[in-house]
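**Q** Quick paste of what TrEMBL says about this protein:
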- 266-287: region 'Disordered' (REGION)
- 78-105: transmembrane segment (TRANSMEM)
- 117-135: transmembrane segment (TRANSMEM)
- 147-166: transmembrane segment (TRANSMEM)
- 172-194: transmembrane segment (TRANSMEM)
- 206-228: transmembrane segment (TRANSMEM)
- 234-257: transmembrane segment (TRANSMEM)
Amino acid sequence: LPVPIAVFLLLYKERMVPCGSSSSHPLLSADELAMEPRPVEKDELATSTQRSPAAGGHDDLLSCCQPKNFRGASSTYFAVHITGALVLFMTDGIVGEYSGFVYSYAVEEPLSVVHKVAGYLPSLFWGFITLGRLISIPVSYRMNPATMVFINVVGVLITFLLLLIFSYSVVFLFVGTASLGLFLSSTFPSMLAYTEDILQYRGCATTVLVTGAGVGEMVLQLLVGSIIHDQGSYSFLVCGMIFGCLAFTFYALLVLFHRMYPKPSAGVDEASPEKPAVMDDTGQYQR
């Protein structure tokens, strides 16, 4: 609680809260910002004067959520946001529910793992998530984000299927936990990169995806905990399998909407989220 309260007070002091205004001055006034010794090019000055207020910025906290910014957007534009958020809802939800309940699943029948040994499972899971994120850095140079998300989602689905088949094997529970951590590790950043390639967004899509991931991690833990309490420990793997199937389904829909999504033209206005990066005669990218 202290962190969001401090952030809210800072936003209020900076006059970024739409519900009220503060009588105090911002932390950095316009005069102080203007004193920064930075040369201004002609093109940059012209662009800044022609930029519309709807382009958003530091002063309007909710500018990206205004309906006028979405006028003329295609239905597939919203579908990409929704399906991308649903994929992260499921995958991040799996991270939360698996790390939270794998210990409880292991110590109960039919596995009945010793408590001390079962305590290594969450550490193993998070350890391989960290290892997978390190491995994904060089892999991302040679593989596009869509392929990485596909491998991650399919890997999660296959791992849960094998965990269900070998549900009486303690050894495979450890192997499956490590495998699941590897496949889930790079799903979130790969999905962000994939949707960025589609939308060329500025910030609103990030909000939708991060919110979907956070809500999934909270809701699925609550849901799985209630199901395990009523149906027993075996439902833990069944829920993971269902969530993996849903994640794969939403990813397939995301790919479908990506194919239907209209490719942006070079003449799109700068404030549009669909504007691509075009290359000029010098070989450098410009907006």
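Glycine residues also receive a Cβ, built from the backbone N, Cα and C atoms like all the rest.
Note that TrEMBL annotation is computational and uncurated.
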**Q** Determine which recorded stretch among 78-105, 117-135, 147-166, 206-228, 234-257 has the most C-beta pairs below 8 angstroms with the transmembrane segment (172-194).
**A** 117-135
**Q** For the transmembrane segment (117-135), give me same-chain residues lying six or more residues beyond its boundaries with a C-beta closer than 8 angstroms to one of its C-beta atoms, as numbers and ranges.
**A** 95, 98-99, 102-103, 106-107, 173-174, 177-186, 189
